[in-house]
Amino acid sequence: MASSSSNRSFLHRNANTFLTYPHCPENPEIISQKLWDLVARWNPLYIVCAREAHRDGNMHLHALLQTDKPVRTTDARIFDIEGFHPNIQSAKSVNKVRDYILKEPLAVFERGTFIPRKSCFQGNTPPFPKKNPNKDEIMAHIISHATSKQEYLCLVRKEFPYDWATKLQYFEYSANKLFPDIQEEFISPHPPSSPDLLCNESIKDWLQPNIYQVSPEAYMLLQPTCYTVDEAISDLTWMDNLSSQQMKDQESRASTSSVQQGQGNLLGPEV
């Protein structure tokens with residue numbers, strides 16, 4: 001489940017919504033009807049939903065949802081259905097998105113009338129409330145009614161051509177803030193195998209012989225007076241035994257010291 005911080009940073013605002021449900025075997029008609037009901041307050045106009053097969057055999061769904069009013073929500077779970085969470089994107093080119101959805105479907109469901117958009121200026125953008133609005137009012141109108149990053153930049157270019165040509169980077173920055181890109185959910189190209197071929201050994205089993213131990217060959221490089229591998233093995237064995245004995249002696253002294261300290265703290269008989 002998404003954290004509260006991720007929910008606060010989520011924002012979807014578009015009249016054309018592209019949804020992908022990974023690993024979802026549900027019927028496209030059932031998903032479409034539920035999505036239609038979910039966006040009833042924004043007046044849905046069209047939906048197409050198709051089921052496709054992954055290369056690993058699992059099913060997934062694609063859906064394009066068009067509404068009369070832009071869907072505005074900060075709820076990242078708004079399109080969750082039957083426990084399936086979709087990847088939510090703004091359809092920048094509805095024609096291409098629809099073609100992509102219908103490329104190789106196993107099952108398809110459509111409802112309503114598809115609304116193609118050949119340019120970002122098409123659509124039912126309301127007129128300006130004033131006859132001669134100032135620059136701030138025009139910009140506020142664009143921010144309120146643009147439904148995608150592309151449409152926002154196109155409207156800015158139309159209303160402020162000089163500013164668009166000289167300050168495009170600032171408008172692109174504001175467009176990215178208004179319509180942030182949504183990261184696609186990662187799907188591993190290597191599905192789990194049977195039996196599991198992943199290596200589950202503890203890293204300690206590798207560290208001990210490979211990092212913490214000195215090989216005879218490395219010891220010979222550090223000791224010019226050591227000429228054979230047998231001599232190196234003998235020296236390393238002696239040092240290992242000596243180190244082990246010293247550690248045991250230290251543990252023994254520490255244990256004895258602790259006992260003696262405890263005995264020294266015992267209370268004597270009352271006088």
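Glycine residues also receive a Cβ, built from the backbone N, Cα and C atoms like all the rest.
Record note: Swiss-Prot gives Glu52, His60, His62 as divalent metal cation-binding, and the candidate from Glu26, Glu29, Glu104 in that site is Glu104. Among the ranges 76-79, 100-103, 168-171, the one that Swiss-Prot lists as motif 'RCR-3' is 100-103. Segment annotation: Swiss-Prot labels motif 'RCR-1' over residues 18-21 (candidates 18-21, 94-97, 178-181). Using DSSP to sort the residues of the domain 'CRESS-DNA virus Rep endonuclease' (11-114) gives these counts of helix, strand and coil: 22 helix, 47 strand, 35 coil. Using a 10 Å radius centred on the Cβ of Glu52 (divalent metal cation binding site) and all shown protein chains, the other Cβ atoms total 16. Same-chain residues lying 6 or more positions outside the motif 'RCR-1' (18-21) and placing a CB less than 8 Å from one of its CB atoms are 31, 35, 60-65, 79, 81, 84-91, 97, 184-185.
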